[in-house]
Amino acid sequence: MEKLTILLLVAAVLMSTQALIQGGLDERQKAKSNFFSKRKSNAESWWEGECRTWNAPCSFTSQCCFGKCAHHRCIAW
């Protein structure tokens, strides 16, 4: 009976340890995927309508896909 109790305790400790480790890995994987998915390419931003192409009217640099607004037009350089 003692051996069975010890065996059950060891099994419970191992299972809880595995659950803790698995939970930590899931959080790290989510953080890593969020880090890589935050920034979009110029083409993706343009395709989704989040920025303006070359020679389009603009007021701010952030409106242009290429990141430059001069004389109220998006420019590439």
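Using N, Cα and C of the backbone, Cβ positions are placed for all residues, glycine too.
Database features, via Swiss-Prot:
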- 1-19: signal peptide (SIGNAL)
- Cys51-Cys65: disulfide bond (DISULFID)
- Cys58-Cys69: disulfide bond (DISULFID)
- Cys64-Cys74: disulfide bond (DISULFID)
Cys69 (disulfide bond) and Cys51 (disulfide bond), compared by Cα position, are separated in whole Å by 12
Quickly jot the same-chain residues contacting the signal peptide (1-19) by Cβ under 8 Å, restricted to those at least six beyond its ends, or write none.
-> none
If one measures from the C-alpha of Cys64 (disulfide bond) to the C-alpha of Cys51 (disulfide bond), what distance in angstrom results, rounded to a whole number?
-> 5
Residue, out of the disulfide-bonded residues Cys51, Cys64, Cys65, Cys69, whose Cβ gathers the largest set of other Cβ atoms within 10 Å | Cys64
Across all chains shown, how many C-beta atoms besides its own are within 10 angstroms of the C-beta of Cys74 (disulfide bond)?
-> 21
If you measure Cys51 (disulfide bond) to Cys58 (disulfide bond) at Cα, how many Å is it?
-> 10
Where does Cys74 (disulfide bond) sit in DSSP terms: helix, strand, or coil?
-> strand
Residues satisfying Cβ distance under 8 Å from Cys58 (disulfide bond), sequence separation of at least 6 = Arg52, Cys64, Cys69, His72, Arg73, Cys74
Indicate whether Cys64 (disulfide bond) is helix, strand or coil by DSSP.
-> strand
